[in-house]
Amino acid sequence: MASSEQKVVLITGCSSGIGLRIAVLLAKDEEKRYHVIATMRDLKKKDKLVEAAGDAYGKTLTLLALDVCSDDSVKQCINSVKDRHIDILINNAGIGLLGPLESIGVDEMKRVFETNFFGMVRMIKEVMPDMKKRRSGHIIVMSSVMGLQGVVFNDVYTASKFAIEGFCESLAVQLLKFNVNLSMIEPGPVHTEFETKMMDDVAKMEYPGADADTVRYFKDVYMPSSIDIFEAMGQSPEDIAKCAKKVIESSRPRFRNLTNSLYTPIVAMKYADETGGLSVHTFYNLLFNFGPLMHITMSILKCLTCSCLRSRTISPD
């Protein structure tokens, strides 16, 4: 149970990756300023979190079952928190979807939106009224750089993140009137088990419904380029957790927080041309016309991106 001096932090999607690292980092805060409620859909997957938390487990970190796709599960989880009091909500749960659009069923697309978008909405709707009554609270949403810039063959995942961005941009204005902050964290590539498994799986899959040229472009052009980008620009879950902690502890938390400054020029390019053609044609040329050059560029960037530069990319300040 949290002490009166501790802030109660509820985090979704904590069985691995970013959610796990945020939960552990906050639970191990040297000043013990946080009581972390780490949630996951299946508590049978708690072992990695419990091991990483160490002595903090059962003290500054507790576990609750939560399925963000279920109204009943969300309500039951929040009702089990003392006085329903949550100071900080971190919406982290999410799933990905990658591949040629023609080969993806609508039910698969709906599942992505059900988790990434409506899962976030359920959590905010359940927690927000109490925060507004108290005139206090901070809602943090794990978005993505793909919520700012579309990426080929990530059509549906990108759409779910764009939906998050628009929703949060609208809601943040209202929440300010109630002294409740809303912040988005926007990582680029992150090295997680989830990402690694997805990359391995898609490389082996067949894509019924997609023409041979599209499948070839996906497997032989997009996938190698994507791997180059991950290796050159990818961050660790720990990097994202540190960024989240800085956002939480900021006296004036920013609304948008890109975790990787290497993506700033890419995002800026989109808004430099109101027609949208600059970014579309730039990405087209990078992928289809300058693939070998892009590979060399990413290899050089990987060599140049030393640990001191990476440490600069995690600060929201």
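The backbone N, Cα and C atoms fix where each Cβ goes, glycine too.
For ILE37 (NADP(+) binding site), the count of additional Cβ atoms within 10 Å of its Cβ stands at 24 [all protein chains shown]. According to TrEMBL, the NADP(+) binding site annotation covers 13-41, ASP67, LYS161.
The substrate binding site annotation in TrEMBL covers SER144. Long-range C-beta contacts of SER144 (substrate binding site), restricted to its own chain and to partners at least six residues apart, with a cutoff below 8 Å, comprise LYS161, GLU186, PRO187, GLY188.
As annotated by TrEMBL, active site, proton acceptor applies to TYR157. Summarising the environment of TYR157 (active site, proton acceptor), the number of other Cβ atoms within 10 Å of its Cβ, over all protein chains shown, is 22.
Residue pair TYR157 (active site, proton acceptor) / GLY13 (NADP(+) binding site) shows a Cα separation of 17 Å. Counting other Cβ atoms within 10 Å of each Cβ, the binding-site residues ARG21, ARG41 show the lowest value at ARG41. Sorting the binding-site residues GLY13, GLY17 by the number of other Cβ atoms within 10 Å puts GLY13 first. Other Cβ atoms within 10 Å of the Cβ of ARG33 (NADP(+) binding site), summed over all protein chains shown, number 15.
Taking the binding-site residues LEU25, ASP29 in turn and counting surrounding C-beta atoms within 10 angstroms, the largest count is reached at LEU25.
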